[in-house]
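Feature list (source: TrEMBL):
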BINDING   Lys124, Gln187, Gly219, Asp250, Lys393  UTP binding site
BINDING   His220  substrate binding site
Amino acid sequence: FVEDFSKAMSQAGTSQFQEVIRQELEYSMKVELDKILATATSNELEHTKKDLEGFKKLFHRFLQEKGPSVDWGKIQRPPEDSIQPYEKIKARGLPDNIASVLNKLVVVKLNGGLGTSMGCKGPKSLIGVRNENTFLDLTVQQIEHLNKSYNTDVPLVLMNSFNTDDDTKKILQKYSHSRVKIYTFNQSRYPRINKETLLPIAKDVSYSGENTECWYPPGHGDIYASFYNSGLLDNLIGEGKEYIFVSNIDNLGATVDLYILNHLMNPPNGKRCEFVMEVTNKTRADVKGGTLTQYENKLRLVEIAQVPKAHVDEFKSVSKFKIFNTNNLWIALSAIKRLQEKNAIDMEIIVNPKTLDGGLNVIQLETAVGAAIKSFENSLGINVPRSRFLPVKTTSDLLLVMSNLYSLNAGSLTMSEKREFPTVPLVKLGSSFTKVQDYLRRFESIPDMLELDHLTVSGDVTFGKNVSLKGTVIIIANHGDRIDIPAGALLENKIVSGNLRILDH
């Protein structure tokens with residue numbers, strides 16, 4: 001239906017016909033949303049109303065837009081000075097009164113995601129990453145270390161989703177004695193839309209039991225409206241806070257950088273940036289990452305989903321678009337307030353198709369936080385070292401951060417000085433390792449990986465204690481085979497395949 005509808009739209013050529021269909025769809029949607037709202041209790045009414053209003057605006061825009069949202073001919077390379085090298089920012093040094101600068105900062109972590117892709121129930125931020133510490137533990141330790149070192153009061157704000165809010169709040173009691181004030185707010189809850197009818201699949205407001213699949217959190221672009229609506233934005237401005245540093249909670253490289261903060265608070269030309277995006281150089285593994293371009297005289301984030309099909313290969317080229325967005329962002333609070341009140345934050349809609357367990361095809365309308373860069377004044381990209389982008393999306397990433405490639409200090413991971421190359425080895429663990437509990441069961445201890453370049457593991461493989469991996473190691477157990485790497489083994493530039501059982505004697 002969606003395809004037919006858009007074909008009809010383009011062929012009809014009469015804007016009148018298109019307009020009639022759009023109005024009908026919008027009217028049907030309104031009727032359905034009113035029915036859902038009518039099932040809300042008095043406690044739920046206020047925030048459900050806000051959520052559905054926000055969704056209605058997004059749906060309206062979705063009906064207006066046709067095709068990829070960028071005109072490829074208008075995309076230009078960003079001007080030289082619009083993306084600054086981190087070295088140049090760092091070379092300015094730090095002022096004596098760094099504490100007064102830090103006291104203007106709020107750290108915001110995007111905490112809406114579940115650990116389902118790694119086989120875990122509950123919030124991803126509660127997965128153990130290093131020495132029993134979770135993502136959330138490490139974040140709190142980092143900020144506590146800052147506050148103690150500089151005698152400051154940098155708060156932590158978590159943007160939860162309805163999926164992660166309860167579990168996160170339970171765990172927060174554990175930090176009640178730490179030197180970090182922790183606040184939370186919830187991102188919106190939007191209804192999933194049936195792909196055929198373009199109507200919501202939810203019949204009422206409840207989102208537990210069989211209704212969990214009817215709702216979704218609409219991407220991290222929702223931060224502006226939710227932060228503002230929660231009242232927290234105004235409270236923090238009232239306390240004299242000026243900037244937020246936003247990042248994904250699973251990016252272990254996203255620590256507070258004093259040089260960037262100083263650059264924001266004390267700009268060299270006297271004119272403050274309202275929005276800074278940290279970008280880093282693409283490698284072959286990052287070809288799908290969003291990139292910064294110059295578009296209609298503004299810095300603009302372009303994601304792969306917005307690129308016309310004919311230009312996707314060009315978009316992925318490492319030579320033309322050399323950098324990608326790390327989603328570490330520094331944003332002025334006053335600017336968020338101003339733009340939110342004018343309804344002037346413009347983010348492209350990401351249409352995310354999903355198939356539910358029962359086979360129903362739905363779409364989710366989402367937005368991305370970085371896409372708003374073009375709405376802010378005096379935006380800037382800073383090309384940071386790769387070490388500030390260390391996301392843990394899979395157990396292959398988890399193996400890297402648990403290993404001796406990194407040392408942990410006050411909640412921050414840094415690459416071990418014993419590693420001779422600054423790059424991280426390429427690790428590909430097969431499907432037997434996808435779930436965290438299976439992965440943990442297959443390593444008696446995490447191997448020594450200081451001299452590893454590349455590791456591929458496939459099939460039923462286990463590792464004994466104190467294994468060392470060097471160079472390129474490929475271990476493949478075919479279907480029905482099992483390979484046990486014995487304790488203390490050293491594998492250097494080895495391919496291991498077939499069957500290898502080490503029997504206890």
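Easy rule for this one: first residue shown is 1, then count along the chain.
Backbone N, Cα and C define each Cβ position, glycine as well.
Long-range neighbours of Lys124 (UTP binding site) (same chain, six or more residues apart, CB within less than 8 Å of its CB): Gly113, Leu114, Gly115, Met118, Phe135, Thr164, Ile249, Asp250. A separation of roughly 16 Å, to the nearest angstrom, links the Cα atoms of Lys393 (UTP binding site) and His220 (substrate binding site). Within the set Lys124, Gln187, Gly219, Asp250, Lys393 that the record links to UTP, no two Cα atoms are more than 21 Å apart, and one pair reaches that distance. The Cβ of His220 (substrate binding site) lies under 8 Å from the Cβ of Leu110, Gly112, Met159, Gln187, Asn248, Asn327, Thr367, Ala368, Val369, each on the same chain and at least six residues away in sequence. Neighbour density for Gly219 (UTP binding site): within 10 A of its CB lie 23 other CB atoms from the protein chains shown.
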